[in-house]
Structure formats: C-alpha cells, structure tokens
Amino acid sequence: METTPPFGLHQSPTERKHPPVTAATDHKVTVVLTRPLVLVGLMGAGKTSVGKRLAAILNVPFRDSDHEIEAAAGLEVREIFERFGEPYFRDGEARVIRRLLADAPGILATGGGAFMSEPLRQEIARSACSVWLDAELDTLWQRVKDRPTRPLLQQPEPRKVLAALLESRAPVYAGADVRVRSEPGLSHEQMARRILEGVRAHDLAHPGRPPALEKKTG
Ligand SMILES: Nc1ncnc2c1ncn2[C@@H]1O[C@H](COP(=O)(O)OP(=O)(O)O)[C@@H](O)[C@H]1O
Ligand SMILES: O=C(O)C1=C[C@@H](OP(=O)(O)O)[C@@H](O)[C@H](O)C1
Ligand SMILES: [Mg+2]
C-alpha cells in the first residue's frame, strides 16, 4: 500500500499574482503546482471526491465550483435550478470558475456542465491544466442514482438522461489536456495518483509549455 505522497510540494516563484504557498515536503524532492488542475467530466466521475484527495496529497487548496456557488447563493444547486433556472446557474458557475482560475494554484473541481462553455474552455486552456475523469455509464449511474442533489437527474428515466449527457458531452471532455479513466474498483487514492501520472505525462509531452507540476530537488 502506498503511504507517502509521491512528492512534497513547494510553491515556486511563478508569474502568478499570488505569493507562494509552502506545502508538504517529502524526501529531497519538491514539486510545485504552477497552474490549477481543473477536473472535468460527467456527474459521478469523482471530480469532487477525488479532487479533495488529490489536493490533500499535494497539500494545495481544493475548490469546488458547485460548493462556491452554493456558498455565494446561500442555496443548494438543486434549489438554484428550481428557483432561478439553469441559465442563471450557468452564469454564476462561469463567474465562480473565472475567479477560482485566478486564485493560487490548487485543485478545482468543476460541475459536470461547466466545460461545455466554449469561452470557459478557452480560459481553462490558457491558465490551467484540465483533466477529464472518464468513467463508463454504469459506473457513473451507480454513483449518482440514489442521490437527489443533481437537478438534471430529477426527472423520469434519469439513467437515459445521464446516457444522453455522456454521449453529447464526451467529445467535448475529450478536449481536456489529460484523460484519466475511472475504472470500477479504483479507490479515490488510486485515481488521484493516476491523475498525477497523467499530468506528468502531459507535461513531458509538451516541453514548449512550462510544466504544471514542476519537480525541484534540494
Ligand atoms: N474512484 C472512486 N471510487 C469509489 N467511489 C467513488 C469514486 N469516485 C467517485 N466516487 C463516489 O461517487 C460519488 C460521486 O462522486 P463525486 O466526487 O461527487 O463526483 P462528481 O463531483 O464528479 O459528480 C461519491 O459518493 C463518491 O465518493
Ligand atoms: O453535469 C451538470 O450539468 C451538473 C453537474 C453537477 O456537478 P457534478 O458534476 O459535480 O455532479 C452540478 O454542477 C449541477 O447539478 C449540473
Ligand atoms: Mg462534484
């Protein structure tokens, strides 16, 4: 069983406006998150729960756009949909994500619909590294079916709704920088470590861009 983080983390000097945040150290190697990791994917993919685990491993801030919207509105996502409608929610979601993208680099879990916005995708591409948590319909359904919190699924035949969303959104999620498959049986911890591997592989494959995870020794 893995018990130690893959590496410690120090925020390095970057061009961001926020000061460095000192984080866990591990051995002599430190790693700096130079831009946010933005988790995208359908409801139930694990953006919120795996994202929290990932942030804990890296000892960086965790933010969830749904949570931020709820805190700002003083209402649950379901209530915002009911009282003000989806377009109102999407406006708030875009505003919140823009704000969080400008924040100190950390893990940002988005709501499953956020990445459908072309302008937001462009902003995420400029200032972050996006990671698609890609799970099969059966896996997603098992995870969301008993919860009343997702307004898009509070209708007849919710599994069909989820299937249709997966079909229409998957090609858009596929535009994320990194794709990590969420297979049944993989724990949150294993998923978080897969994400780190994926981001490192993406960094190596794109030497022209500063890496999202910068390794430092000493
Ligand atoms: N890899 C995983 N292993 C086990 N359970 C998971 C995994 N990923 C997500 N879950 C569970 O599925 C449910 C939905 O996950 P959540 O993180 O809220 O997804 P999202 O934010 O993408 O909608 C939660 O109960 C969560 O604990
Ligand atoms: O897919 C979507 O459009 C939505 C996903 C939800 O977040 P999760 O993906 O975290 O469940 C939440 O933002 C809202 O219910 C709409
Ligand atoms: Mg979530």
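Heads up, the Cβ atoms here are built off N, Cα and C, so glycines get one too.
What TrEMBL lists as ATP binding site is GLY44, ALA45, GLY46, LYS47, THR48, SER49, ARG150. According to DSSP, GLY46 (ATP binding site) sits in a coil region rather than a helix or strand. Close to GLY46 (ATP binding site) in the fold, though at least 6 residues off in sequence, lie LEU133, ALA135, ARG143, SER182, HIS188, MET191, each with a CB less than 8 Å from its CB.
Contacts of THR48 (ATP binding site) defined by a Cβ separation under 8 A and a same-chain sequence distance of 6+ are given as ASP64, ASP66, HIS67, ALA109, in order along the sequence. The Mg(2+) binding site feature in TrEMBL is assigned to THR48.
Of all the Cβ atoms in the protein chains shown, 18 others lie within 10 Å of the Cβ of ARG169 (substrate binding site). Taken from TrEMBL, the feature substrate binding site covers ASP66, ARG90, GLY112, ARG169.
What TrEMBL records for 1-23 is region 'Disordered'.
Cα separation, GLY44 (ATP binding site) to GLY112 (substrate binding site), rounded: 9 Å. Listed in sequence order, the binding-site residues from ARG90, GLY112, ARG169 having a Cα within 10 Å of the Cα of SER49 (ATP binding site) amount to none. For LYS47 (ATP binding site), the nearest neighbour among the binding-site residues ARG90, GLY112, ARG169, judged by Cα separation, is GLY112. There are 27 other Cβ atoms within 10 Å of the Cβ belonging to LYS47 (ATP binding site). Of all the binding-site residues given, namely ARG90, ARG150, the one with the smallest number of surrounding CB atoms inside 10 A is ARG90.
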